[in-house]
């Protein structure tokens, strides 16, 4: 019958190492490109690119775009686009800034009240999700193309933000709120090691439970050594990342000030590393949650099914209109989260916050392998895409490339990345 | 032989549906008994697909009623139809090409763990079971369905319809895109489902195929039924062709 050819292909054969490990070769290619990029910059800058300090800065600079890129994956997978994310970020940032500087101090009595940051954050997240849901309703139920709705949104929300703040820079923001910004809030060395070890244990447990569930149904599993090798690589990467961030020492005079604030004197030769910034921890949590949503929930299934074949999804009883609302609500929520990180990093809300972020976010998702035709995309790919873009940008700045050339290179890289992706998909026969 | 003495499984009674003044289906009545295959024949645009979409929930009829097991049924969307154990295999197969066989089979009806997460292993195990029954040569459980052959894709679509205890199956040109061997496979599956007492509406162009696979046939032309639902053993392929092309009821049935 027609299937014999396929059956033959399944006959036992010698597999390569990569096949045995069952890793995504596309992911491997991206990681390879990223590593090459880092090494090249490191050589040109005489080793200044891969210092703990620069790695630390790179990660906190990436967070804002990477957070939104995870949401953009869902938007693009369902065959939509969101051009309004940068403007939505500005509106959410304005709302949060006004809440914590103009409204809450009067209500709670004074600045830096412990409740100020959480309340401002919750209000911002609600506003973001609601605006996103509204966009989704226009697109899903009123069937206005997403391109138009969000192109309009690009203008509308940018200027709503302007109106809310009268165009002023709002700051300084609440001290607790600023902890989200990166360098102003980190876990410290011990906390970072704890998080790192918890992450390693969780990763190993996930590998083990995946293997157990496959075995329970008598599916073929990887050889045990491959599983162990994979686990060892994951553990090494996680702990290595923690070690690098811990190796970036807090400047001496800053430590001195910290000790003074506590009424102590700093011991001679005392050092302390920054560790993992809260914002990076936030990104990691969002990445895990979004990956679980994409792969392990009905919502994720329906997002990918709708992207693959909207008619089939509809005929399978999926409410694709409501799905659109949900996808854009998630996008709006992430814009608000990103707004909190971005404004906390600056320590104030500025009128131009998030300008052109929509392009960076879309580029990150696309470089990360999200297909504009829909149905294909991964969360980790989008984050890696954001990291690659940020590395390029700051690497070039470090080398001293002129600003116009920086943007020319980033634009060209976007186009070339998509071309490489198309060629790769053709060669591997994937769609 | 099909026993037609009891209540029909499905009765489409006096169905009409118009699109902007054009009567796509004009007062058509068709019935279907358990274990029976009723063929729906006609040119493109004759109204057969439109008629059947009233049963599958994709369209809503302007007038007329659908009865399931003698009781009036309210079918407003595909979800309602599934509630009556009506499953449809669309001509386009309605598969999400980027997902694998088990994701497509369970689309909209996933098996979930107590935590509410989709249970991939359980779904794949179920998929392997049913595919073993329908198409024992099927192996590509982890490939997206875009990588499958026409016959394999068809068997995924059929598996999806059969797995959830379909009582009424609608097949819209199931063999249109298939080669001879795969067509034979579909014919065998239809025979198997008939023996299980499932009622099948088979929409097709090919009169020979209808003669071979169906018990009765309904021919539509310009939205109307030509000569009622006829027993395929009492008409020749020429009679059927005459009904399709000229809309002419054979003389020996006209009386």
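Using N, Cα and C of the backbone, Cβ positions are placed for all residues, glycine too.
Among the ranges A:138-157, A:158-177, the one that TrEMBL lists as transmembrane segment is A:138-157. Checking TrEMBL for transmembrane segment across the ranges A:391-407, A:408-424 points to A:408-424. Contact between the transmembrane segment (A:190-208) and the transmembrane segment (A:408-424) is absent: fewer than three CB pairs lie under 8 Å, with pairs separated by 6 or more positions in sequence.
Below 8 A, the CB atoms of the transmembrane segment (A:115-131) and the transmembrane segment (A:323-342) form 3+ pairs separated by six or more positions in the chain. Two recorded stretches are said to be in contact when at least 3 C-beta pairs lie under 8 angstroms, sequence spacing 6 or more; the transmembrane segment (A:56-76) and the transmembrane segment (A:408-424) fall short of this definition. Counted over residue pairs 6 or more apart, the CB atoms of the transmembrane segment (A:362-387) and the transmembrane segment (A:138-157) come under 8 Å in fewer than three pairs, which marks the two as apart. Same-chain neighbours of the transmembrane segment (A:23-44): 50, 230, 368-369, 378, 380-381, 384-385, 387-388, 391-392, 395, 398-399, 421, 424, 428, counting only residues six or more beyond its ends whose CB sits under 8 Å from a CB of the stretch. Distant neighbours of the transmembrane segment (A:323-342): 63-65, 67-68, 70-72, 74-75, 78, 80, 82, 85, 88-90, 92-93, 96, 121, 124-125, 127-133, 135-137, 139-141, 177, 180-182, 279, 282, 286, 299, 302-303, 306, 313, 353-354, 357; these residues of the same chain sit at least 6 beyond its ends, with a Cβ under 8 Å from one of its Cβ atoms. Through the fold, the transmembrane segment (A:228-248) approaches residues 21, 23, 52-53, 55-56, 59, 186, 189, 192-193, 195-197, 199-200, 203-204, 207, 222, 273-277, 280 of its own chain, all at least 6 residues removed from its boundaries and within a Cβ separation under 8 Å.
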